[in-house]
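Peer 1: Relevant sequence annotations retrieved from TrEMBL are reproduced here:
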type	residues	note
BINDING	202, 222, 283, 345, 346, 355, 383, 384, 422	NADP(+) binding site
DOMAIN	139-267	domain 'FAD-binding FR-type'
């Protein structure tokens, strides 16, 4: 979701919305022509109405319907020892092993799903008490493969944003709110002979991935394109290296991954009735997609959410909305537990007649937000670093109007671990 300091230029501009996709998502696979047993592939964004199973089923082999981990009843993320303990059953078919990329389009539209929650596996991913951290590092990265790359914004959106599904074959587990590092191919122009620096992207899926089998991760990436201010023409030599590599990738392409990293945006689950206020601009919505799928779509046996999740998303226009169908579906199915407010800067006006930014939408509900924070709500911010001054100014002004010191309140929120910020 966010890139390191060395690559901030790639993410500049109003358009760098954080990653997520809008409407339906199609995943492309290439059928293995030599395999006549590959009869059916079943996958669901939520619970597909006609399908009882949400795993991939291949032929008539029941054992190929799920990933089976051979392990010693525990998973350790504190060292690379997990790699041997998570050896896959030889009959388990992964995206790579089964070569199940086909030309068949599998629709993930939430409009075709039922409101029932979806079974996930392997449930052993719930066992670890601590999140996996830095299992793979820049000098020893993991080679994953691209499953699909889909443009997820409309024609009137400023710029292109893609939803990218990556196959890690179960070897690079993560938790919701963490990030992957991506090392684009080629040589670092500032360090001849050395690889490019790592770019960090928030993961836009739950630990089970879009296939709900624990073997994939999804990223939401805005293509960084540079236009000469004088000529108005694109200058490819200054385009974002990593974002363009990802958006141009094809199914089966290899990709070097590091991580997972990050703890500040992890979803606190000790209180299943907690309130979570999520604020994003553009692709900053990536981690929240993971949160919301876990809260409202997946049937996780040891976590039943009964609190409130409130999402504020700021983008340029309607065509720029990311994962809108998913979020709208949650709103319909869980009206008591989910709220969703949008700020469309090029289509809406704030109360002063100016453009509607996410901080303006926050101000509309400021009294309610402050009361929720006073009662222990968690608040999250993800997106461009430039979003924070406006938001902080708004919160400070509201606090003063309430006769409170914003500095003291912010200090208390941080002390109570209610304040979560990840911007770039």
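Positions of Cβ are set from backbone N, Cα and C atoms, glycine also.
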Peer 1: Once the chains shown are all counted, how many other Cβ atoms turn up within 10 Å of the Cβ of residue 383 (NADP(+) binding site)?
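Peer 2: Summing over all protein chains shown, residue 383 (NADP(+) binding site) has 30 other Cβ atoms within 10 Å.
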Peer 1: Helix, strand, coil: count each for the residues of the domain 'FAD-binding FR-type' (139-267), based on DSSP.
Peer 2: 11 helix, 47 strand, 71 coil
Peer 1: List nothing but the one residue from 202, 283, 346, 422 whose Cβ has the fewest other Cβ atoms within 10 Å; the candidates are the binding-site residues.
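Peer 2: Each of the binding-site residues 202, 283, 346, 422 was scored; lowest Cβ tally within 10 Å is 346.
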Peer 1: Please find, for 202, 222, 283, 345, 346, 355, 383, 384, 422 as listed binding NADP(+), the greatest distance between any two Cα atoms, in Å.
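Peer 2: It comes out at 27 Å between the most distant Cα atoms.
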